[in-house]
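K.L.:
Right, I'll just put the structure down here and ask away after.
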Amino acid sequence: MDFKIFLFLTAIFMIVGVTVSTATTNPTAPRAYRPRINTTAGVCELEVPIVNILPPELKHTAHTIRGNGSAPGFSKIKICCSGYKIVAHTPFHCTPDCPSGCGLGNCTAPNVCTCNKGAGFGPDGKCISVCPGRCLNGQCYGNFCNCNSGFVLEPNGRYCTGGCTRNCGPGGQCVGNNQCSCLSGFALNSQGTCQMICAPGFQQMGSACEPLCPKGCVNGECVAPGQCRCKSGYALNSSKVCAPKCSQPCYNGFCSAPNVCTCKEGYIKDATSRNGNRCIAYCAAGCPNGTCSAPNFCICKQGYIKQSKGSNVCVKQ
């Protein structure tokens, strides 16, 4: 083989993925070959007879060329897979094809568009401008709401107003002629503004519907209509009120806070009580020769009697 022809063929076949040899081979008859997908996205390999990819002046040399195909006389070439189109030959690169175009978006897979931020799909599948709101009383152009004649764009840029002397509320829009249009979940009240619709047992609190507990939920929170959930250290009592809990009973007193006992009037804490949950009677003047058994009431020891009726002084009999 002429050396110049050898160099020319080598350059061509490096592009299509074949190698050149001076060995003589007999090409087999053309056969069907299923394209095989390569690891590169959208790039497939196709096996074809070498003679089909040679220029006319070199076809007579086909029998001297050994390809890299699965049979003598065949070679593998790179092509774009179905649904892809070529964008570069060196290096070989294919990109997804969307024949109808994507508008304000990019073709990310065969016939699949991904819209840019602020755009959405139109009826024809292309990406078009989408305004932040419904663009009421206006037209959406380039992701901006252009108001119809006689209407003015609201500061939030979502819709155009035609003049309302009153505020339609957070769930309403002015549609012109002093009329409010309410969004889903809102309804016109007697003042003509939009008010949130709350289910029975709920009330509007700011921008949400919250459950209603008619008696309130002191030391707890209202989690459902008429139902309180107590804070830690509290529990519902028989009156359905969140009352403090004490792990030990409060003798002659009451549980005033979680694990805190408060003595009743006329009683004081028993210094000998380990848990601080026992209260004992208090006698202001003390009980000489006796025991304070109730607030300001003494019982005399054996062999002693009250000095006088109503007295807390005990004397020997």
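Cβ from N, Cα, C; glycine included.
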K.L.:
Look at the disulfide annotations in Swiss-Prot and name the partner of CYS283 from this list: CYS292, CYS300.
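P.N.:
Here Swiss-Prot pairs CYS283 with CYS292 via a disulfide bond.
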K.L.:
Determine, on the basis of Swiss-Prot, the cysteine among CYS242, CYS246 paired with CYS255 in a disulphide.
P.N.:
CYS246
K.L.:
Could you tell me which of CYS180, CYS182 is bonded to CYS168 by a disulfide, according to Swiss-Prot?
P.N.:
CYS180
K.L.:
Which of these links to CYS228 by a disulfide bond in Swiss-Prot: CYS209, CYS217?
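P.N.:
Matching partner in the record: CYS217.
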K.L.:
Could you pull the disulfide partner of CYS182 out of CYS194, CYS198, going by Swiss-Prot?
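P.N.:
It is CYS194, per the disulfide annotation in Swiss-Prot.
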K.L.:
In sequence order, which same-chain residues at least six apart have a C-beta under 8 angstroms from CYS98 (disulfide bond)?
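P.N.:
CYS98 (disulfide bond) has long-range Cβ partners CYS107, PRO110, ASN111, VAL112, CYS113.
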K.L.:
Could you work out which of the disulfide-bonded residues (CYS131, CYS147, CYS298) has its C-beta surrounded by the smallest number of other C-beta atoms within 10 A?
P.N.:
CYS147
K.L.:
List, in sequence order, the same-chain residues at least six positions removed whose CB sits under 8 Å from that of CYS279 (disulfide bond)?
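P.N.:
When sequence neighbours closer than 6 are ignored, CYS279 (disulfide bond) has CYS250, TYR251, ASN252, GLY253, CYS261, CYS263, LYS264, TYR267, ILE268, LYS269, ASP270 within Cβ distance under 8 Å.
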K.L.:
Are there residues at least six beyond either end of the domain 'EGF-like 3' (163-195) with Cβ under 8 Å to its Cβ atoms? List them, or say none.
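P.N.:
That would be 136-137, 150-152, 204, 207.
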K.L.:
Which value does the mean pLDDT take for the domain 'EGF-like 1' (93-128) in this predicted structure?
P.N.:
87
K.L.:
Looking at Cβ-Cβ distances, which residues of the chain lie under 8 angstroms from CYS217 (disulfide bond) while being 6 or more apart from it?
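P.N.:
Within the chain, CYS217 (disulfide bond) has Cβ neighbours under 8 Å at CYS228, ARG229, CYS242.
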K.L.:
Going along the chain, which residues six or more apart from CYS314 (disulfide bond) have their CB under 8 A from its CB?
P.N.:
CYS287, PRO288, ASN289, GLY290, CYS298, CYS300, LYS301, TYR304, ILE305, LYS306, GLN307
